[in-house]
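What follows is a set of notes on a single structure, which appears directly below.
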Amino acid sequence: MQWSILPSWVGRKFWSKRILKPFPSHSTLPAARPPFQSLASLHLFDSKPSPAIQRPVVPDSFACRQSTSLPSLSSISFSCFSPLYHLLRAMARNLVPFLVLLFWISICQAANIFQPISDSHRYAALELFRPTDGVFGSLEETHEALKTFDILGIQEKPDINAATCKSVSEVLGSSAVLKDLFYALRVNDVLKCDIKEETFESITSRLTTALNDARSLFDFYYSIGSLLLLKERSSGIDLSLNDADGTFQSIKALSQSDGRWRYSSNNPESSTYAAGLALESLAGVVSLASSDIDQNMIDTVKNDILKLFDSIEKYDDGALYFEEKVVDAYEHHGPLATTSSVVRGLTAFTSVTSGSLNLPGDTIFGLAKFFLGIGIPGDAKDLFDQIDSLACLETNRFSIPLILSLPATVLSLTKEDKLKVSMNTVLGSAAPPLTVKIVKAFLSGSKDTSIISSQELKFDPLSGLHILDAFPKTFDVGNYVFVFEVVLHDSEHMDKYATGGKIQVPIYISGVVKIENAEIAVLDSDLGSVETQKKLDLVGESVVSLSANHLQKLRLLFQLATPQGHGFKPHQAFLKLRHESGVEHIFVVNGSGKKFELILDFLGLVEKFFYLSGQYDIQLTVGDAVMENSFLRVIGHIDLDLPEAPEKAARPPLQPVDLYTRYGPKAEISHIFRAPEKRPPKELSLTFLGLTFLPFLGFLVGLLRLGVNLKNFPTSTVPATFAFLFHLSIAAVILLYTFFWLKLDLFTTLKAVGILGILLVFLGHRTLSHLASTSAKLKSA
């Protein structure tokens, strides 16, 4: 089997044309084909409908306990709310868990399980349609949000009425383009805004004029759709089309021989997306017509619909879709938007016309499989197209698809799980009375050998599920294919509902595999005699200790058996030898029937082992998707005595640096300061401190003896102010020196001294200048 992380549908044209963001799906095994899901959106836990919409609680990341067991398929869960990085990092720690993940992905690709609309879609709608400041980005987005909420039955909607009705009133009261008028009327049809009747009369006149002057398909689509919305208001305005046949023919003139439509007569390119718009427009003309449309023209359009369906595309799983083939189109649309447009147009046209349309029920069922196979899109527009199209399929008058789904496709023999089947419409409504039969069930790859055949499932009215109480006693672990068939009880329902015929569903039966007769031995290379042999307890935690040289061999033996006693071949069986330097060597353990054996001849492996002697940890891995007791554990260690490496022998590869060791927290550094130097006695220090104050005391005594001379202190107001501030600044400098001695640091003191110094220079200069001028006047006098 060739492993690949990327699904098989990555190369399809659908994927290459438009990549959509995935949103978490809560189904047990998502469909293989949908191009909208990624690895991060896959889940393996059961989803049960609940009246309240809640964020699903799932593990933050996938984890595998290295010393105990590997996860089986029935125990793996993934959360889209945790980054894929954490998942891959956990997988990268061990090779085998990563291979189990790859095998699980291949299982998801093989499954053809389609789940109807569930609470997951409702939660997604609330997440994707989020208004900003009480309004959505545009009236078109508002319409899509409101209609999606209505179809899904979401009661707790965002409160957007006030702000949105204001926008609707502004658009309807202005000369907006037809598209804006169309979506404003659609939003008003839901919110029932308070719009004056005169506004609708003005719009009606404008729309009638626009319809008469229409030349492009969009002009017809928006004007007819708007008139139809006004008619549904029952405002008393006559909106009947007197020349409905002429309008019908004008739209029909844009059709092509292959069932597609052109956007305008000036554009030679035809479009499948435009065909859906045209069918909706024609349905509106029929509804607005004052008299019946010519039946021949209606039959011609029905024939065009059949031609259009001749170009439908098909996936391997039976899903049907339309793909836009036009290159220079007005706007390119992907398969989802294109198919949605056709479905809306088909439903609208057939709902207003009589007669039959030879579309088989399998076609409608294939379209339903396409929309459900998408899962949950991560884009609001795509979610609307999906939900709106499914609502159209649920209400079409030809064939309503019924979806067979399984709450769980991984069943445990150990837990005695029961096979449960659910039958619903695409929107999750209850199906009519019916019986679900198992046509046959066989092991994958053994199609001719049927284990179950022609068995009806019991219907449980409380849960609404069809249940197989117990599997046959011969049932064993493995990958099975169940073929279901749905039989409707009422014969009238056979033409009303589409069941999809015989549906194949892969189901995985897991169980506990018996591990027996496990032993490990060291053999002599020449004679093959047993040097050392020890029993292994692969279920417990015991380890063994061995020693060998390059002339000996290592042999590992164990047996695996299913619950029915048959031989079991796991998907992975590896033995890993890890040297104390970090160099690893992995060997595949092959088996035949129940017996698995591996013999390592160290003489032939010395070069592969890079002649590294020392202790090797022995790690055994046995894992499979249906093996509930898969394990990965160290079973012991072996001391190898290998010869010295020759000069030209290959060197062991450099081992990756442990990022935790490099970037993790370092060891705490304990710094011990040296002992302080010996200081003089406290009394001596205080004595010298007192001596430093003697000059200052002498200055104060001399100042008292001489007295204070204030004769030269300025008497004028301005000079006296400068003199006072000058002396005050000197006192501030002395006070700053005091604070520097007590608490301030040098840098703070220098900044303060710099500011005071500038002030001192200025004030001192003014004061001394005044004294000098006064002295000069006295001398001159």
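Each Cβ is built from the backbone N, Cα and C atoms, and glycine gets one as well.
What you are looking at is a predicted structure, and each value in this text was computed from that prediction instead of being measured.
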Can you dig out which of the ranges 84-108, 684-708 TrEMBL describes as transmembrane segment? 684-708
Would you mind giving the whole-number mean pLDDT across the domain 'Ribophorin II N-terminal' (117-394)? 91
Cβ pairs under 8 Å only, please: of the recorded stretches 117-394, 516-640, 673-773, which one is richest in them relative to the domain 'Ribophorin II second' (402-509)? 117-394
Take the transmembrane segment (746-763) and find every residue of the same chain, 6 or more past its ends, with a Cβ under 8 Å from one of its Cβ atoms. 722, 725-726, 729-730, 732-733, 736-737, 739-740
Restricting to the same chain and to residues at least six past its boundaries, which positions have a Cβ under 8 Å from a Cβ of the transmembrane segment (720-740)? 713-714, 746, 749, 752-753, 756, 759-760, 763-764, 766-767, 770
Counts by DSSP class (helix H/G/I, strand E/B, coil) across the domain 'Ribophorin II second' (402-509): 4 helix, 59 strand, 45 coil
Summarise the domain 'Ribophorin II C-terminal' (673-773) as counts of helix, strand and coil residues per DSSP. 78 helix, 0 strand, 23 coil
